[in-house]
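Listed in TrEMBL:
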| type | residues | note |
| --- | --- | --- |
| DOMAIN | 13-186 | domain 'Hydroxymethylglutaryl-coenzyme A synthase N-terminal' |
| ACT_SITE | GLU95 | active site, proton donor/acceptor |
| ACT_SITE | CYS129 | active site, acyl-thioester intermediate |
| DOMAIN | 188-470 | domain 'Hydroxymethylglutaryl-coenzyme A synthase C-terminal' |
| BINDING | SER221, LYS269, LYS273 | CoA binding site |
| ACT_SITE | HIS264 | active site, proton donor/acceptor |
Amino acid sequence: MPGSLPAVCEAAWPKDVGIMAVEVYVPSQYVEQAELEEFDGVGAGKYTVGLGQARMGFCSDREDISSLCLTVVQRLMEHSGLSYQSVGRLEVGTETIIDKSKSTKTVLMQLFEESGNTDVDGVDTTNACYGGTAALFNAVNWVESSSWDGRYALVVAGDIAVYATGGARPTGGAGAVAMLVGPNAPLAFERGLRGTHMRHAYDFYKPDMVSEYPVVDGKLSIQCYLSALDRCYSIYRNKIHAQWQREGLDKRCSLADFGFMVFHSPYCKLVQKSLARLMLNDFLCHPSPDTESGPFSGLEAFRDVKIEDTYFDRDVEKAFMKASSEAFENKTKASLLISNQNGNMYTPSVYGCLASVLAQHTPQQLAGQRIGVFSYGSGFAATLYSIKVTQDATPGSSLDKLVSSLCDLQARLDSRKKVSPDVFAQNMKLREETHHLANYIPQGSVEELFPGTWYLTRVDEKHRRQYARRSVSDDRPLEAGLLTSSNAAEHIPSPLKKMPRIPTATAGPEVLVISNGDH
């Protein structure tokens, strides 16, 4: 039975394993969705109101999945002051495949060369937008396993989401999120509280290996997403009820038990509908809901609906979006900052939503909260799980440092360059024509990239890719070829260089590198 392991086993696990640090990377260019509506000749509001999208980030041919992940990993390591020796597992979740055999993780290992650390577990995990979550679970499970050697796990989720010309194109985007995983984390995974649902469906898939574009059945994809949400929520509630019963608590799980709720976001309007969907589930599962007052007021007409018949029921959707509007404002709206401003990042999407929540709240507002996370990947695979935020919100705590590291997220989004829809379309055409070309030198401008961004310099005649990093301090690109030691000046030496293992509570000054708050 779920959660039935003996207490002696639980006592042996590391405490509060979860996310210790987060880094987000989005491309330096974007297109306005309102301008794209006019350019595409669709009705005003189709993308901005109908989808809930304001801007869409995109990459030129100078960036690929490896460069995105190189950038976000190096930024996390520099900003956290960690040595590459302190990482014992590196997991990558992505569906942006540029090699059918060689994983993106192996490309990232070049960042570890200077440290001499090659003892790093993990490779890539792929299943549409779910790959990042699977990679994160692998990292958490490693820290809680007999394989753990005391070092951190590093998880990277990254993708370039592009579509052929047509109705799906405005749901694109690009970016990467890196997360450091270890014990005594400010964002701890609630052990045993994970509801997973997996089935077979052709709602979104990429069978053409020479194209970046997917095949999409839009209506089926929405139905799969919502049905997975229903099932995962049901399983999660059963598991938390079992935990509460063992603790002697007699209560029902509902939206009220989550301080924040974040979702995988193909587009923002689907997320708003998804929160309403959870309220529908609460309503239908309640033995005697109050339809005279409170959140279920006026919903008595929907008491006997069958949930599997409601995926495209406009009356149900409208009623429960209205009923859940306050909950959406308080629990979910803040999570859509990156999604609204940058678009769908595929595997990093739900973690961009998590970062958006952290960026827009104080440590005091976050402390002690339960954050629900729903991750969905077409094909399909889905999980709803929860994170518990540490109670320690004091200055200098691990939570305080995590929040501070993301406080400039809006400024980062605002610092990007807006381009016209025509320039955006030209970039998409260039990527389409040059995707997987050998003996190719990218044409995109390096000067348009953010300082410190890794970028593609060439693809040789054997399809081997070479990268360089734009200088952090000025406009000089740092030519690095295959990331040899010529870029050593860019690496910030870590204070943990001689002590790569996670410091214990008595490890002296090393504890200050990442403060581990109590829960």
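Quick reminder: no glycine exception, Cβ is built from N, Cα and C everywhere.
Please treat TrEMBL annotations as automatic predictions, because they have not gone through curation.
Remember, it's a predicted structure, so these values are computed and weren't measured experimentally.
All features noted in TrEMBL, drawn onto the structure.
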{"residue": "GLU95", "record": "active site, proton donor/acceptor", "Cβ within 10 Å": "27"}
{"residue": "CYS129", "record": "active site, acyl-thioester intermediate", "Cβ within 10 Å": "32"}
{"residue": "SER221", "record": "CoA binding site", "Cβ within 10 Å": "21"}
{"residue": "HIS264", "record": "active site, proton donor/acceptor", "Cβ within 10 Å": "32"}
{"residue": "LYS269", "record": "CoA binding site", "Cβ within 10 Å": "16"}
{"residue": "LYS273", "record": "CoA binding site", "Cβ within 10 Å": "20"}
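Nearest neighbour of HIS264 (active site, proton donor/acceptor) by Cα distance, taken over the recorded positions GLU95, CYS129, SER221, LYS273: CYS129. Apart from SER221, LYS269, LYS273, the residues listed for CoA, the same chain places the Cβ atoms of ILE222, TYR225, LEU226, PRO266, TYR267, LEU270, VAL271, SER274 within 8 Å of the centroid of those Cβ atoms.
On the 0 to 100 pLDDT scale, the model's mean across the domain 'Hydroxymethylglutaryl-coenzyme A synthase C-terminal' (188-470) is 96. Summarising the CoA site geometry, the residues cited as binding it (SER221, LYS269, LYS273) extend over a maximum Cα to Cα distance of 14 Å.
The two recorded residues, SER221 (CoA binding site) and the residue listed as 'active site, acyl-thioester intermediate', have Cα atoms 12 Å apart.
Taking Cα separation as the measure, GLU95 (active site, proton donor/acceptor) is nearest to CYS129 of the recorded positions CYS129, LYS269, LYS273.
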